[in-house]
Structure formats: C-alpha cells, structure tokens
Amino acid sequence: MDIATEWTTNANEALTITLEPSKGKGKGKEVSNGSEKSHVFNPIFTYPIYGDVETILGYKNFELNLKMDASTMLPLVTVKFSDKLEFDGISFDDPVERLLEFLPEETATDEAEWEEKRVKELGDGFKPVGKEFGTFSVNSEKYTVHRSTLLDPETLKLHLRLQIFVPLFIEAGSYIDNEDDRWEIYIVYNAEKEIVGFSTVYCYWFYEPSAKESKAPKDASLEQLQKQPFSPTLRKRISQYVILPPFQGKGLGGQLYTLLFSRFYADPNVYEITVEDPSEAFDDLRDRCDLKWLADQGFPSEVFRMLQTTSAHGEKAGDNRTGRTKVVAGAFWTKWLEEHRLKYKLAHRQFARCFEMILLACLEVSSPTKKRNIKDARLFIKKRVYVRNREFLEELGGKIEVMSKLQETYESMEEDYARIMKPVLGYVKDGLKKRDRNDAGNEEAKRVKVE
C-alpha cells in the first residue's frame with residue numbers, strides 16, 4: 001500500500017450520522033436509556049465540506065461521527081483514528097474543524113457535555129416547534145407536520161441544527177438566509193416525535209389586480225397609481241426538501257408534498273406554487289404527485305373532451321381545422337391552457353409537462369379522433385420544445401434539420417414521460433373516466449372506453 005492510499009480516507013465513508021432516540025412517547029420525553037435503536041447512516045455528499053474529491057488526508061483508520069438527538073437534533077461531533085501523519089512544515093486541514101464550520105456554535109465535542117445538554121432540553125418534556133399544520137398516515141403510521149418561521153427563536157435554533165442535512169443530501173444544496181423573515185419551515189414528526197424530514201418554503205409577495213378591481217389607465221399619474229386598490233397575493237416556492245435516510249422508501253416525500261400543495265392551493269392568497277432548482281428525483285416525485293392531484297380535479301377529462309372537438313390548430317372551441325404543418329398551436333389552446341394553469345396554481349413549465357403527459361395518456365383512449373389526437377399531442381409538445389430552444393434550433397440550419405431535431409427530442413421526452421407516468425397511469429386513467437360521469441348525456445363520450 002502506497003503512502004497516499006494509507007493516509008487517505010473517503011469522507012463519505014468516514015463520516016457517519018447517528019440519530020439517537022429519546023426515551024418515551026406522548027407529551028414528555030426523557031434521555032434514552034440505550035434500549036431504543038439508533039439510526040446510523042452515511043451522507044451522500046461531502047464535497048461542500050471536504051472538497052471536490054471528498055477525501056480526508058493525514059489519518060489512518062479515520063472515523064468521524066455526527067450524533068444528533070432524534071427529536072431536538074442537538075449535535076455532537078466525535079472522532080477516532082489510529083495514527084496521524086505529521087511532517088515538519090506540512091499541515092493538513094483539521095476534518096473536525098471543517099465539519100464544525102457547518103454546524104451551530106452550540107455543537108458539543110464531548111459526549112458527557114452533550115448528554116448534560118440533552119437532559120436539560122428534555123427535562124420539562126419535549127414539545128415540537130411551531131403549530132400543527134397537518135397530518136398523514138403511511139402503513140398505519142401517523143405523521144404530524146408542524147409549521148413555523150425563523151422569527152421564532154426555538155425554530156431558528158432547530159433550523160441551524162437541521163441545515164447540515166442540506167449539503168450532505170442535496171446536490172449543490174446551500175444554506176438559506178436565516179435573517180429573512182419570509183422563510184417558512186415545515187417539520188415532519190413520527191408518532192415517537194422524532195424528526196423524519198423537513199422542507200423550507202419561501203414566500204414571494206407580489207400584487208395582482210383582482211377581478212373585481214378596475215385597472216388603472218395606461219396614462220395614469222403616480223398619484224393615481226398610489227390610490228389604485230390591489231389585492232396582495234404570493235408565490236410559495238418550495239426550496240430545501242429532505243426526508244432523512246432511515247425513513248426513506250416509505251412514500252413520506254410524496255405525502256409531505258401532497259399536504260403542502262393541497263394546503264397552499266386552498267389558500268386564496270396563494271397565486272402560484274413553485275419549486276426551486278429541483279433534483280431529478282424530486283422532479284419525478286413532483287410530477288407524479290401533481291398528476292395524481294390533477295386527476296382528482298378531473299383535469300384529464302377536460303383535456304379529453306377538448307381533444308374530441310378542437311384540434312391543435314383550433315382558434316376557438318369546436319374548431320377542427322387540420323393540415324397546417326408549422327409547429328404551432330391555435331390561439332384558443334394558448335388561452336385555454338393559461339386559464340387552467342392559473343386555476344391549478346402551477347408554474348408554467350410544470351403545468352406544461354403535466355399537460356403533455358396527460359395528452360399522452362389520452363392517446364391510449366379509443367375514440368373517433370384518436371388518429372388526430374396522436375398528431376396533436378406531438379404538435380403541442382414540439383411547440384413547447386421549439387419555443388424554449390428557438391435560438392439553438394435556428395442555428396441548426398434549414399427546416400429539415402429543425403424538424404429532425406424536434407422529432408428526436410419528442411421521442412426522448414415521450415420515453416421519459418412514460419417512465420414517470422407508469423406508477424400513476426391508473427390515477428390519470430381514472431381521471432379520464434370521469435368524463436362519463438360528468439357528461440352523462442353525451443352519447444359519444446359514453447361510447448369511449450379506456451383501454
């Protein structure tokens with residue numbers, strides 16, 4: 001073994017995280033007597049702490065442990081190694097100090113000190129921060145979500161402890177501005193009052209004239225504008241989103257997203273619900289949750305009914321014109337889709353993706369217009385791809401090259417959409433079936449069957 005290998009440790013393997021449960025259930029909790037099982041796991045990423053190569057240099061048999069109380073997240077950092085490399089004039093970064101830079105100042109490095117703090121914090125019984133926001137159950141296990149803001153001192157203290165999971169489990173994840181009062185935090189507790197996950201949400205305030213309010217004329221003076229009545233609305237942006245590894249694989253992420261979305265949607269002051277820089281895994285979760293929710297709202301049946309009467313080139317409802325070859329949809333669809341996007345409070349790109357996946361689900365439905373529906377689905381999807389990538393596509397050259405690239409992109413998207421849709425296709429098809437209940441008097445709709 002060469003010296004480089006002998007004194008080098010993979011940081012992802014060296015760092016272990018331990019969630020130490022507290023004893024007891026119900027309103028009060030005491031320090032664990034060691035009979036409960038601890039959760040031990042490794043991070044996915046350590047490059048924000050230990051550099052791009054994620055290695056720790058200068059130690060043999062190096063082990064670093066971040067222990068946290070499972071309910072309060074009080075942190076303790078301990079280290080073990082068999083030997084340390086020392087050269088005159090050469091020094092290595094202290095891996096403990098590097099980790100402590102990402103943790104709150106209260107982090108203990110002595111286990112006796114940490115146990116003393118645990119006793120003090122849990123002495124009067126454990127109480128979750130914030131107020132109860134909602135509940136959900138998975139496999140007969142109940143989970144409670146609490147909402148709070150960083151203006152609350154206890155919530156801020158908990159957030160400073162929790163935020164270490166962001167760089168360790170979210171690629172390119174970064175800390176938020178703790179002094180910004182627009183941040184909300186949603187914390188998920190299990191029946192034992194252990195934290196199983198959390199999400200931070202940012203509130204963007206902006207003003208939109210309500211339907212009942214008259215808009216100021218274009219030539220209005222500043223004084224007139226200042227007197228103009230407006231209704232405050234906000235955009236909820238889901239930012240950090242973490243389900244801790246011991247509790248993953250149970251569907252908790254989808255349940256939390258569904259709870260957040262449904263509650264935000266029900267708030268009349270919320271104009272739009274967005275997600276900040278989602279990972280591929282979160283994109284899949286979000287797509288499937290949104291598709292299930294749209295199916296529950298009956299949106300697939302609305303799309304299907306429109307496809308029976310109005311082509312992709314339609315300028316108004318019932319316009320069945322065909323034959324145009326340009327990648328463009330009629331003005332009616334542009335307006336119809338925007339009205340429904342606003343109705344369902346989804347961001348532009350997300351609503352477009354969900355609509356396109358529902359279109360593809362409609363292609364599996366037998367109907368007199370099925371052949372045209374297939375062509376229309378391609379037109380809708382290619383249109384969005386073309387608009388979003390216009391500059392790149394125009395650099396390809398002539399029309400043949402552009403159309404070829406669009407077809408290639410469409411086929412790739414169709415394959416990815418099928419992968420995403422597979423677990424929730426049944427929900428979407430159920431949404432399509434709603435047309436029979438909604439249009440009991442429509443004989444053509446009655447004849448349509450889901451294959």
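Backbone N, Cα and C atoms are what each Cβ position is placed from, and that goes for glycine too.
What Swiss-Prot records for this protein:
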| type | residues | note |
| --- | --- | --- |
| SITE | W183 | site 'Interaction with histone H4 N-terminus' |
| BINDING | Y241, V242, I243, Q248, G249, K250, G251, L252, G253, G254 | acetyl-CoA binding site |
| ACT_SITE | E276 | active site, proton donor/acceptor |
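A simple way to gauge crowding: the CB of the residue listed as 'active site, proton donor/acceptor' has 12 other CB atoms within 10 angstroms, across all the protein chains here.
The acetyl-CoA site is set by Y241, V242, I243, Q248, G249, K250, G251, L252, G253, G254; from the centre of their CB atoms, other residues of the chain with a CB within 8 Å are G197, F247, Q255, L256. Each of the recorded positions W183, Y241 was scored by the number of other CB atoms within 10 Å of its CB, and the largest score is that of Y241. Listed binding-site residues: G249, G251, G253; maximum Cβ neighbour count within 10 Å falls on G253. When the C-alpha distances from E276 (active site, proton donor/acceptor) to the recorded positions W183, I243, G249 are tabulated, the minimum falls on W183.
Residues Y241, V242, I243, Q248, G249, K250, G251, L252, G253, G254, recorded as contacting acetyl-CoA, have a largest CA-CA distance of 16 Å.
Here the Cα atom of I243 (acetyl-CoA binding site) is found 19 Å from that of W183 (site 'Interaction with histone H4 N-terminus'). W183 (site 'Interaction with histone H4 N-terminus') is 13 Å away from Y241 (acetyl-CoA binding site) when you measure Cα to Cα. Cβ neighbours within 10 Å of I243 (acetyl-CoA binding site), excluding its own Cβ and spanning all shown chains: 23. The two recorded residues, G253 (acetyl-CoA binding site) and W183 (site 'Interaction with histone H4 N-terminus'), show a Cα separation of 20 Å.
Annotated pair G251 (acetyl-CoA binding site) and W183 (site 'Interaction with histone H4 N-terminus'), C-alpha to C-alpha distance, rounded: 25 Å. According to DSSP, G253 (acetyl-CoA binding site) sits within a helical segment.
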